[in-house]
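These come from Swiss-Prot:
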type	residues	note
DOMAIN	1-141	domain 'Globin'
MOD_RES	SER3	phosphoserine
MOD_RES	LYS7	N6-succinyllysine
MOD_RES	THR8	phosphothreonine
MOD_RES	LYS11	N6-succinyllysine
MOD_RES	LYS16	N6-acetyllysine
MOD_RES	TYR24	phosphotyrosine
MOD_RES	SER35	phosphoserine
MOD_RES	SER49	phosphoserine
BINDING	HIS58	O2 binding site
BINDING	HIS87	heme b binding site
MOD_RES	SER102	phosphoserine
MOD_RES	SER124	phosphoserine
MOD_RES	THR134	phosphothreonine
MOD_RES	THR137	phosphothreonine
Amino acid sequence: VLSPADKTNIKSTWEKIGSHASEYGGEALERTFASFPTTKTYFPHFDLSPGSAQVKAHGKKVAEALTNAVAHLDDLPGALSTLSDLHAYKLRVDPVNFKFLSHCLLVTLASHHPAEFTPAVHASLDKFFSSVSTVLTSKYR
C-alpha cells in the first residue's frame, strides 16, 4: 500500500520527469530487451534495434499508462483495468516481465535524475511500479 509520503514522492518525481516520460519509457524498454532477452519474444513484429521507432512508440504507451496511474494512485485497479485485461487475456505476458521492466524503469530514472533519486524516492517508485505490476497481473489468477 502506498503511504501518503510515497504518493507525494511519486507525484513530485513524475512532475520532474514531465515531457521526458515517453523518452524514458523507450529507453527503459531498450534496457529491458538488452538485459532480459526473453522479453523480446512478445515483440516479434518489432524492429528491436537501439533507437527503433517501434520501441520508442511502445515506450510512449508505457509512459502514458504510468502517467495515468500516477494521476489515479488511489484507484490503480480502475485506472489500469483495460491494460490488465489486454496483458492477461490477449497478450498473455509472463508476469515476471513486469518486474524486469520495473527494474529498468528505476535504472533509467536514476540515471537521468541522480540528485532527485534519494533512497526515499527510490523506495516509493519501487512500491509504485510493484503496485502497477500487481494490478496488471491480477487478472491472471
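Each Cβ is built from the backbone N, Cα and C atoms, and glycine gets one as well.
Here the features listed in Swiss-Prot are placed on the structure.
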| residue | record | Cβ contacts under 8 Å, 6 or more apart |
| --- | --- | --- |
| LYS7 | N6-succinyllysine | LEU73, SER124 |
| THR8 | phosphothreonine | none |
| LYS11 | N6-succinyllysine | VAL70, LEU73 |
| LYS16 | N6-acetyllysine | HIS113, GLU116 |
| TYR24 | phosphotyrosine | ILE17, GLY59, ALA63, LEU105, THR108, LEU109, HIS112 |
| SER35 | phosphoserine | PHE100, CYS104 |
| SER49 | phosphoserine | none |
| HIS58 | O2 binding site | GLY25, GLY26, LEU29, PHE43, PHE46 |
| THR134 | phosphothreonine | none |
Checklist entry - Should any of the recorded positions SER3, HIS87, SER102 have a Cα within 10 Å of the Cα of THR137 (phosphothreonine), which are they? => result HIS87
Checklist outcome for this item: DSSP tally for the domain 'Globin' (1-141), helix/strand/coil in that order, comes to 114 helix, 0 strand, 27 coil
Checklist entry - Rounded to the nearest angstrom, how far is the Cα of SER102 (phosphoserine) from the Cα of SER3 (phosphoserine)? => result 19
Item to check | modified residues compared (SER3, SER102) - highest count of Cβ atoms within 10 Å | outcome: SER102
Item to check | the residue listed as 'heme b binding site' versus SER102 (phosphoserine) - Cα distance in angstrom | outcome: 15
Checklist outcome for this item: Residues near HIS87 (heme b binding site) by Cβ (under 8 Å) yet at least 6 apart in sequence within the same chain, in sequence order, are VAL93, LEU136, THR137
Checklist entry - Of these modified residues, SER124, THR137, which scores lowest on Cβ atoms within 10 Å? => result THR137
